[in-house]
């Protein structure tokens with residue numbers, strides 16, 4: 001077996017590397033070339049507009065494409081650029097804006113992986129005769145430990161917990177996992193940068209990408225307002241107890257858990273606890289009203305060994321992440337008449353619809369990824385949940 005788990009020599013194994021123009025994917029290409037693989041680099045042009053072209057911390061824009069080209073020249077592999085701008089707008093940017101208007105907190109990186117990168121680019125890699133598509137994600141995959149799943153691969157958290165990207169890859173299907181390879185899963189980021197220096201890559205000191213790639217300076221409301229100029233509709237700011245505290249200029253300017261910049265002064269610390277898109281109300285309350293114990297899921301991608309229905313029906317003990325920056329915490333996957341849900345044993349504050357809930361076998365670097373789903377709705381502590389339901393049943397002021 002070679003290092004990518006193929007039963008052939010590296011020189012007889014063709015690998016397409018998804019190159020964003022950053023240090024991680026560049027090192028992947030360099031490592032595979034060094035090992036003797038037949039490597040092709042492909043960069044997707046996803047957008048190339050105005051300030052985004054030269055904005056530090058972006059990805060897949062003009063400067064990044066040029067950096068990827070220079071890296072490929074340095075290591076001696078072919079480089080191709082594919083224009084996926086229309087596809088990216090259709091499947092990632094527009095749904096992002098629509099989700100925000102609906103009062104959700106979307107994760108466009110998951111949509112990008114599942115539509116553009118792991119669907120379209122993966123299909124292109126196969127058309128080019130590649131045996132695998134390699135990326136610079138910090139996650140591990142290896143052959144399934146179960147004999148009954150021989151030939152399949154499983155996902156695991158990476159060695160560098162600070163760089164763990166498994167949360168954004170929970171929706172990766174089994175077919176995609178079997179074709180993908182993640183050479184950086186066993187490396188710390190510091191070693192990746194050291195390798196880039198050693199290889200003489202122009203991106204060795206390049207800053208990591210930050211925030212959402214198509215959102216300048218992380219101002220989500222700006223991109224939503226630009227795409228949906230009529231979406232910023234005014235409404236009320238309402239306390240959980242029913243008091244109308246003020247007015248707002250559009251729920252797209254708020255997120256669940258927000259405290260600063262709410263626009264009301266009451267002498268008590270208030271947080272955004274719910275965004276009522278139907279009645280255009282921003283509902284606020286005390287911090288304890290953010291505490292979430294249960295999240296209902298949609299679009300679940302299950303990677304466990306048991307059948308999903310059987311596992312949830314019995315109560316499947318696992319660990320869950322509802323934010324990319326948190327460690328997996330104890331949870332139980334269950335189901336009822338409404339559908340699949342996850343009980344968060346220790347609770348979590350400020351969980352919003354649209355976020356992901358990724359499931360794991362444990363908390364360590366070798367924990368297996370069981371998949372997950374998008375949060376459809378969450379349930380708070382009983383008192384806050386009852387107050388919210390009563391408020392949502394009451395009509396908003398005209």
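Using N, Cα and C of the backbone, Cβ positions are placed for all residues, glycine too.
Remember, it's a predicted structure, so these values are computed and weren't measured experimentally.
In Swiss-Prot, the ATP site is described by 18, 19, 20, 21, 22, 23, 24, 25, 136, and among 44, 169, 227, 233 the residue recorded at this site is 44. Each residue contributes its Cα atom, and for residue 44 (ATP binding site) and residue 112 (active site, nucleophile) those atoms are 11 Å apart. Least packed by the Cβ count within 10 Å, out of the recorded positions 20, 355, is 355.
A straight line from the CA of residue 22 (ATP binding site) to the CA of residue 355 (site 'Interaction with tRNA') spans 26 Å. Of all the recorded positions in the list 112, 137, 213, 355, the shortest Cα-Cα distance to residue 24 (ATP binding site) is found for 137. With the fewest other Cβ atoms inside 10 Å of its Cβ, the least crowded of the recorded positions 18, 44, 112, 213 in this structure is 213. Counting only the Cα atoms, the space from residue 137 (site 'Interaction with tRNA') to residue 213 (active site, cysteine persulfide intermediate) is about 16 angstrom.
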